[in-house]
Amino acid sequence: MVQKSRNGGVYPGTSGEKKLKVGFVGLDPGAPDSTRDGALLIAGSEAPKRGSVLSKPRTGGAGAGKPPKRNAFYRKLQNFLYNVLERPRGWAFIYHAYVFLLVFSCLVLSVFSTIKEYEKSSEGALYILEIVTIVVFGVEYFVRIWAAGCCCRYRGWRGRLKFARKPFCVIDIMVLIASIAVLAAGSQGNVFATSALRSLRFLQILRMIRMDRRGGTWKLLGSVVYAHSKELVTAWYIGFLCLILASFLVYLAEKGENDHFDTYADALWWGLITLTTIGYGDKYPQTWNGRLLAATFTLIGVSFFALPAGILGSGFALKVQEQHRPKHFEKRRNPAAGLIQSAWRFYATNLSRTDLHSTWQYYERTVTVPMYRLIPPLNQLELLRNLKSKSGLTFRKEPQPEPSPSQKVSLKDRVFSSPRGMAAKGKGSPQAQTVRRSPSADQSLDDSPSKVPKSWSFGDRSRTRQAFRIKGAASRQNSEEASLPGEDIVEDNKSCNCEFVTEDLTPGLKVSIRAVCVMRFLVSKRKFKESLRPYDVMDVIEQYSAGHLDMLSRIKSLQSRIDMIVGPPPPSTPRDKKYPTKGPTAPSRESPQYSPRVDHIVGRGPTITDKDRTKGPAETELPEDPSMMGRLGKVEKQVLSMEKKLDFLVSIYTQRMGIPPAETEAYFGAKEPEPAPPYHSPEDSRDHADKHGCIIKIVRSTSSTGQRNYAAPPAIPPAQCPPSTSWQQSHQRHGTSPVGDHGSLVLRLERSAGMMSCH
């Protein structure tokens, strides 16, 4: 009989023969060959079992023991009790106030127990109150140890021991053990022994110390002392020197005559009590030398002994102010953030800007689309109930059963399969708007194995963003079509393919959003200004200093701009190095680059003459300045050249004619001088006025003299310019009369000067 084995082999089998098995050696745990290397690599030994992610052995099977499951309520209670006892806030202070009143009552009763009138009544109440205090403190101590397990560093028995070694926990256990020992050994029929009461008074002090569980008082004191350690050490050192010196000198002066200063220790006691301004009066100097020394060192030493109190007081005040300052500045955080957000929306919602879209997209998501434009009136109530849970996404209602979760169409597919999504994808073409997909087509696309879903890339996101948007005209068209009666409404009642998508914001809605953003910006700005109110005097000083620096910078900028317009640039600019005011390369008054400063224009400050400036070799080659100051400089140069020519002609005339100065002075006194032209320094205007007045006097005096003997020359029309003739030609034309010759010449000069001034 041939039998086929389980492993596929064929061998003759007998009833008494042992069945052979083909396999690996040492796979069974506990087998003799299971300690081989190959066996350990294939199956592993029995001891190290497969662990979880946290390297803990998995507990599988029915017989395996399950670890104790921590309840959520257990953890919550542990955290709650730990916060109440270690970090009290809010109503948790009620318990700590109760403990404080309990300890304070024990302290008051222990004080009354020392008075004979109230000794008996206070001892009984103190006994009961001490028992209550011990019970409360004992329960609180064990609850603290148990609740500390909520912190990871205090978990386990080692963590509990670490928590118990904290200073305040050590004080708690000391007070608890000592109180139990005093009550057990010192009580005799509800009456305390004297030694027990004394020990109990000491325990009251420790109980008051434990009231500050967080140690904030001691931390504050330590920080103040550390911050002002140098000042304190200096004051204590000088005060100690004054104490030693004053005690020693008074001891030498009072040693033989005063019994209170028999030893140097008595003198040190007197010096300490005196310099600390306590003055018990048990010891005092009696000799005049001792009194004089005591008065001198008292005036010096008291000031140094009082310094530490002032240093610590100011240090505490500054530390408290530093602790309150961050709290005051934290109040400015929310107004500042709101101001930044509202300022950006105020900037981004500007209708003239077309490059900012994120803010408008935010409002497109938040603003509700009117439902009555998209929903037929017959299905409005039912769809409104269904659309409450749909926040602006595509919604379809089909008369087919709801598909399973695995067959549900994704948001992306629903958007692109919708007619408006296809319209957005087809860029508004009429062919794309008329295309509609049936649910069967969508299902066939989803079920086809050849279609592999692609990742939703940024391009898809942009396409879905376009698909989510629908123009207001399309929405109004849908509302009009929905309002028309006919067969379409009946078909929509049977199968409503309604879609809910967001629409673009209309211009009116954008204007409304813009107005709201402006109002929010103004309100946020006002709130932020209110939060910037000064906290203390230091804030006021800082604000004034910042404003002063800002004002100085603005004034400096304004001055530099004025100098750039009407004068040379300030020394800090590189333009001043290019055109220096002194040296061989400085521009002269005739150069187009020259322009007077503001003080020179208004007539203040020393005038800069041509002697102070040296003409450069390249002045004539410089291009003309087209600015206002360049043109004014050019006009001034022309006027100066004309003044030089006129001065030359007048000097020749006066020398040739020999006009007496008495006549000119008499005429000058009878005629007021004309005012000086504007935009000139006082020296230039004075010189110009003198020259002009002199010319007028000479001209009018000569013309009046010539009119006595000769007639006036024929008038020349103003449009024509007189011919340029020399002085000899005019002398030969008018004969031998010198006055007439000079009068005609000066008249021509006067007319030519008037025409040039008109030009």
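Just so you know, glycine gets a Cβ as well, placed from its N, Cα and C.
Swiss-Prot lists 264-276 with the feature intramembrane segment.
The annotation phosphoserine is assigned in Swiss-Prot to Ser52 (among others).
The phosphoserine feature in Swiss-Prot is assigned to Ser438 (among others).
Residues or ranges marked as phosphoserine by Swiss-Prot: Ser440 (among others).
Residues or ranges marked as phosphoserine by Swiss-Prot: Ser444 (among others).
If you look up Swiss-Prot, you'll see Ser448 (among others) marked as phosphoserine, on the strength of a large-scale study or a structure entry.
Feature annotation from Swiss-Prot assigns phosphoserine to Ser450 (among others); the stated evidence is a large-scale study or a structure entry.
Here Swiss-Prot flags Ser479 (among others) as phosphoserine, drawing on similarity to another entry.
Residues or ranges marked as phosphoserine by Swiss-Prot on the basis of similarity to another entry: Ser681 (among others).
Confidence annotation: the region 'Mediates interaction with SLC5A3' (222-323) carries a mean pLDDT of 89 in the model. As annotated by Swiss-Prot, region 'Mediates interaction with SLC5A3' applies to 222-323, with the evidence given as similarity to another entry.
Taken from Swiss-Prot, the feature region 'Mediates interaction with calmodulin' applies to 317-512.
Among the features that Swiss-Prot reports, region 'Disordered' is placed at 393-412 (among others).
Annotation comment: Swiss-Prot describes 419-459 (among others) as region 'Disordered'.
Residues or ranges marked as region 'Disordered' by Swiss-Prot: 565-628 (among others).
Annotated region 'Disordered' per Swiss-Prot: 705-742 (among others), in sequence order.
Swiss-Prot lists 114-123 (among others) with the feature topological domain 'Extracellular', giving a curator's inference as the kind of evidence. The helix, strand and coil residue counts that DSSP assigns across the topological domain 'Extracellular' (114-123) are 5 helix, 0 strand, 5 coil.
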Test of understanding: applying the rule of at least three C-beta pairs under 8 Å (pairs 6 or more apart in sequence), is the transmembrane segment (288-314) touching the transmembrane segment (228-253)?
yes
Out of 91-113, 164-183, 288-314, which stretch has the largest tally of CB pairs under 8 angstroms to the transmembrane segment (124-145)?
164-183
Determine how many residues of the region 'Mediates interaction with SLC5A3' (222-323) DSSP places in helix, in strand and in coil.
83 helix, 0 strand, 19 coil
Long-range Cβ neighbours of the topological domain 'Extracellular' (254-263) (under 8 Å; 6 or more residues past either end)
270, 282-287, 290
Tertiary contacts of the topological domain 'Extracellular' (277-287), as residues 6+ beyond its ends and Cβ separation under 8 Å
250, 253-254, 257-258, 260-261, 266, 269-270, 293-294, 302, 305-306
